[in-house]
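Feature annotations, courtesy of TrEMBL:
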| type | residues | note |
| --- | --- | --- |
| TRANSMEM | 12-35 | transmembrane segment |
| TRANSMEM | 55-75 | transmembrane segment |
| TRANSMEM | 87-112 | transmembrane segment |
| TRANSMEM | 132-152 | transmembrane segment |
| TRANSMEM | 164-183 | transmembrane segment |
| TRANSMEM | 189-208 | transmembrane segment |
Amino acid sequence: MHRYDPARQKLAIGLAFLAGAVDATGFLATGGYFASFMSGNTTRLGVDFATAAGAVLLPLTIIGSFTGGVIMGAIVAGRWPACRKRLLLMGVSALLGLGALAHSGGYTLGFLVPAACAMGLANNVFSKDGEVTVGVTYMTGALVRFGQGIAARLTGRTAPSMRGYGLLWLALAIGAFGGGWVYAHNQVIAPPLLCALAVILFGAAFLIERANPIDMGSAPT
């Protein structure tokens, strides 16, 4: 995270915020399933299979959609590395727009499936040589690195990446609060707002890559 320039760091934080908002919206819309937290959906898959085998189709569909998004995103990122951020965020915006249309028609699954695919795409925005350098939709690793950074500071060592990973986690948490609050108060506008936020991030990515198409982040940090 700290290897990237400030503009790219802010974009990563914005993506984490979006992921939190999308996840909270999907969670409330489906009564307990996620758009980006696949560990949670995998746990739900196991629980559903153990207690109500007929319910496993939903988590399987979500996990499959997310994985499909990751695959498509990796192909795009590998083929067009200099403009991958704007291309991927264009796809994220389109998928969230499709989900918003489905939600407006009363199709909850029609929202969550493209939203999960969008979050899969988003995880390739920060990548190099097929490897994710900054995970923007899952924060267990970020919290581990944040905790390791605190330990390093307490023992007199430097931890340049600690602040960035703490901010990523905080952005996702605030995004989850914001997405949950909006959906709880107005279910109609919540999905379109997610699409609008993705469009804003696409615009930011376009400006960033136009100014400097080369990422400075060279390895997962």
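If you go along the chain as it appears here, the first residue is 1 and each next one adds 1.
Just so it is clear, glycine is given a Cβ too, placed from its N, Cα and C backbone atoms.
Panel annotation: around the transmembrane segment (55-75), residues 30, 33-36, 38, 41-42, 44-45, 48-49, 88, 91, 95, 109, 112-114, 116-125, 127, 130 of the same chain, lying at least six beyond its termini, place a Cβ under 8 Å from a Cβ of the stretch. The stretch in 12-35, 87-112, 132-152, 189-208 that contributes the largest number of Cβ pairs under 8 Å to the transmembrane segment (164-183) is 12-35. Residues 1, 4, 41, 44, 58-59, 62, 66, 92, 96, 103, 108-109, 111-112, 115-116, 118-119, 122, 125-126, 134, 136-137, 139, 164, 167-169, 171-180, 182-184, 187, 190-191, 193-194, 197-198, 200-201, 204 of the same chain lie 6+ residues outside the transmembrane segment (12-35) yet bring a C-beta within less than 8 angstroms of a C-beta in it.
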